[in-house]
Amino acid sequence: MPLYRYKALDAHGEMLDGQMEAANDAEVALRLQEQGHLPVETRLATGENGSPSLRMLLRKKPFDNAALVQFTQQLATLIGAGQPLDRALSILMDLPEDDKSRRVIADIRDTVRGGAPLSVALERQHGLFSKLYINMVRAGEAGGSMQDTLQRLADYLERSRALKGKVINALIYPAILLAVVGCALLFLLGYVVPQFAQMYESLDVALPWFTQAVLSVGLLVRDWWLVLVVIPGVLGLWLDRKRRNAAFRAALDAWLLRQKVIGSLIARLETARLTRTLGTLLRNGVPLLAAIGIARNVMSNTALVEDVAAAADDVKNGHGLSMSLARGKRFPRLALQMIQVGEESGALDTMLLKTADTFELETAQAIDRALAALVPLITLVLASVVGLVIISVLVPLYDLTNAIG
């Protein structure tokens, strides 16, 4: 069985640091609870030399998404166990493996010990914690339900991270497939095909038009391969720079939404983000207008962000959220209907979270369907291109062999 390291609080509030063999981290937590301890952290042990994980070495900022989720969950657990806030932060300060995270937690603890609320301490971390995070903590402080607020916040962050990871993971295999076959095609055109071109030129044989075309492309790739390699990189840098231009990005995002397949996927994904954020904020007591202002910052499509900004103005003037979002005609009808039901029933936060569940599931299913169709299509197209190149250079050789025979 794998070896796990754990940190736990005993009945006297002292931190225990140890190891045990278990099938999974849930078993470690259960065995610690049976011993009367409160599990704070469980993770697979590193190698014998205690070397840090690659993820820790590559982390550039104190808290990545996974670390922020872990920090929030652990803080909720400690507060729920009756630990004072400054004591809980002191315990958490010893858990991270990197010095940057320890310094951040220490600074937050010192600010709290100075009499400031947690939300103010987080706000002083120069943008490390999002407005959503800070406002939810502030709402929890006002409502006296810090543990529940932190647990909901951890759940929100975990769901957001999982959805983002789903999208990224779906793109990895097609990207690798394109890269591998693209390199093989470049090698075929830039090295193999020119060998045939020289051979046919020395034999002075008549070639079909399609063979001549492939040989010309092969010679072009051989002579200008460096330019052909650099062009995509330059184009990518140009597009990245253009996307920073507000007008260009707005036009591009609006155009993407009008595309049948990708536009529908983007709309579902952004709807899930918006409704998950709004529902979580409203459930924690953040006013609707403030929640809308925060929620639009988690969206990436500028066209939909503009629709949400316009909806905020309408809500300010007394209109309902569903009707205000409907004016842009970009959000899915089902989402608008579910939001309207929530407004009419007085359970807007609940319906927003249910809407998020629905569209997160739809997004995941849409990605799976797209991937199931895209990978075979890419494979078929690239295999056909490679096959046509091979056939086009071998057909004249076959004809020549038959003529000699």
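Glycine residues also receive a Cβ, built from the backbone N, Cα and C atoms like all the rest.
Source: prediction; values computed, not measured.
Topology note: Gln198 and Gly263 are separated by the membrane (different topological domain names in Swiss-Prot). Within the chain carrying the transmembrane segment (219-239), a Cβ under 8 angstroms from the stretch's Cβ atoms is held by residues 186, 189-191, 193-194, 197, all 6 or more beyond its ends.
Asp98 (Ca(2+) binding site) falls outside any helix or strand according to DSSP and counts as coil. Below 8 angstroms of C-beta separation, residues 388-389, 392-393, 395-397, 400 of the same chain, each at least six residues beyond the ends of the topological domain 'Periplasmic' (191-218), sit close to that stretch.
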